[in-house]
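**Student:** My questions all concern the structure below.
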């Protein structure tokens, strides 16, 4: 073989070396990059954000409702702290201030919760209207339905947590009254405490002992009793709101049941499709023409 390395070295040393291939090669690459840039531009235009005004309105409303729910969560956390301080504070003046704050917080939760519930109902109505206009498979309808479902679930959980907090505080107040009554030598059952709350009046036990160390305990009992009455009013005030939330829960349950039904309906067709695929694989494997080709051309697989 003839050694032509020297000729190759001379060609590379010449101006514009590389035999003219360099310019053409880079020209082709440049054209490919230009085509790729134009293609990428078309892709960016394709995935540009949707400017549908209805979709923007849905997302904006969902964001506003989400912020209101977060505010309810913050109020709920503050209410838990206030309830804790009310149960552990031994100074009457400070305790009264805390109770008033707790009542104000509960009122804010009630007002804000009612407003959120109305907005969720409005979102549900708008989603149904869009579903009639655009169809259930439209992307705007699916986004609206998803937003409504997520917000409704979050709101329901937040309100149920708030209800559990109020009921738990109610039980703690009852137990505290029973302990204070035991200190002054009078055992009170849970039923008697319930009667105190239902009647809205103090029983004669508060006047039974009025001197010595018992007076301090009775004062604490009176404070807890007043707190229980205020708490009972708060619970009654949000009772209608909780009923509406319960209705919302039933609606969500119907949606979940519908999803479960659709999933169950698809299980049988999927199983049938798997059977058909297995049959197709067996038929393809036993194809006589394919076997003949394999026998005649063993290298072709």
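Including glycine, each Cβ sits where the backbone N, Cα and C put it.
Unlike curated entries, TrEMBL annotations are predicted automatically.
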**Student:** Identify the coiled coil range according to TrEMBL, selecting from 27-54, 55-82.
**Tutor:** 55-82
**Student:** Restricting to the same chain and to residues at least six past its boundaries, which positions have a Cβ under 8 Å from a Cβ of the coiled coil (55-82)?
**Tutor:** 98, 101-102, 105-106, 108-109, 112-113, 115-116, 119-120, 123, 126, 140, 143-144, 147, 151, 154-155, 158-159, 161-162, 165
